[in-house]
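Beneath this line is the structure, given in structure tokens, with notes to follow.
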Ligand code: 6PG
């Protein structure tokens, strides 16, 4: 059996796992044990990267024996049953104080369940969000570990050696997010915000393409220009790259030969499902998820193609002015998407008993992760200024930013509607903003309707209490107790 020399181990050596293992091995002070169910992968990794000094194991017994205590192993396998299989192999060999880390995109409910099942053994189970894709895993991801504070005493310093560094201050993009499933919950919300961000960028591209007739390469230049200002971010940067790409086979812009049917592995849907359960309106994120679903409804789209409506030929009068309007609408809608995402983090923390520091989350998202963006510094500043901020959008910086953009935002939503171009994320974000700031909402009428058909009762603006109108009687109002159904 090998000597217990490794301070960290990785199980699952597909690209993400291999890259994470290489990243760990490249950092001072780490000796990395590696194991993969099919040993060929392990041998390939060790052969291709002798400089890593991996401690290769071809069985779980060898892998566990090569770990120094407290044994710490990161599982990097496809979320789901595969994770449970690896967990049970490690739990049967680990001892109290050892640490099992799940680095996959697991559902946080599974992580809470797993942590509850494992913690009585004295072994720590840590669900960890790892963002940044294969490149991030190799060169520096943003890392969102949950689990016990005790486990973070060992795990944190190791993760800090591999995390991305924020450009502003060099701080490692990792923090102990909160207990049990908090890490995977925050990673889930990160992905939901990612969906919204991507959808907003796609709508901005579509509006400019259709409204000005500019080519993908010309629009790439516009995004590259935007990336030098407040919209600076990884997603804006890669959008310019994707739009510049020319298809080798046809010579056409690649974006024009890609089938317009978006996939999704599920984390965006989880964000919306949990937001519904938590009662948090994440309209921008939801519209982004639904836009992906709509895009893949091929039969419906073919059947609906002949439905009446504006069908192209739309040209804006002043292309430069419209492009600037779209830029402002994109920034305002992005602020709403992040504001809604942080609302869900606040609600999740309250529901599940986590002490999540919103400012810390914004800070560890400044580099390494897919939604990394300059304006995350502004979010961190806002929460530093007021940790109990009720909504990001009312923080002075964001209030002023949206105030300056909202006329452009409205012009873009109107133009899209009149041109018959779908802009669900732009439009729902504006509706959310107007809903949030409205003095009176038509929810009053909804309450009246509910009381009419279901005696669900209502409150009044002019006096405390709960009331019901006797709709089927003399329509007098009675004071009552809150409806139980
Ligand atoms: C990240 C990404 C990643 C995401 C995949 C698939 O943070 O590195 O969010 O975790 O799961 O990119 O995302 P889809 O849900 O769009 O398939």
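The backbone N, Cα and C atoms fix where each Cβ goes, and this holds for glycine too.
The model shown is predicted, which means the values in this text are computed figures rather than measured ones.
Around residue 187 (active site, proton acceptor), the same-chain residues six or more apart in sequence whose CB sits under 8 Å from its CB are 105, 128, 129, 130, 131, 144, 267, listed in sequence order. Annotation source TrEMBL lists active site, proton acceptor at 187.
The active site, proton donor annotation in TrEMBL covers 194. All chains included, 23 other C-beta atoms sit within 10 angstroms of the C-beta of residue 194 (active site, proton donor).
Feature annotation from TrEMBL assigns NADP(+) binding site to 12, 13, 14, 15, 16, 17, 36, 37, 38, 77, 78, 79, 105. Close to residue 16 (NADP(+) binding site) in the fold, though at least 6 residues off in sequence, lie 76, 103, 130, 133, 134, 137, each with a CB less than 8 Å from its CB.
In the shown protein chains, 21 other C-beta atoms lie within 10 A of the C-beta of residue 105 (NADP(+) binding site). Marked as substrate binding site by TrEMBL: 105, 131, 132, 133, 190, 191, 195, 265, 292, 450, 456.
Residues or ranges marked as domain '6-phosphogluconate dehydrogenase C-terminal' in TrEMBL: 183-472.
Under a cutoff of 8 A between CB atoms, and with a sequence separation of 6+ in the same chain, the neighbours of residue 195 (substrate binding site) are 264, 268, 271, 285, 288, 289, 292.
Around residue 14 (NADP(+) binding site), the same-chain residues six or more apart in sequence whose CB sits under 8 Å from its CB are 41, 76, 77, listed in sequence order. With a cut-off of 6 Å between Cβ and the nearest atom of ligand 1, the recorded positions 132, 194, 456 reduce to 132, 194. Within its own chain, residue 78 (NADP(+) binding site) has 104 as residues 6 or more apart in sequence whose C-beta sits under 8 angstroms from its own. Separating the Cα atoms of residue 456 (substrate binding site) and residue 194 (active site, proton donor) is a whole-number distance of 38 Å.
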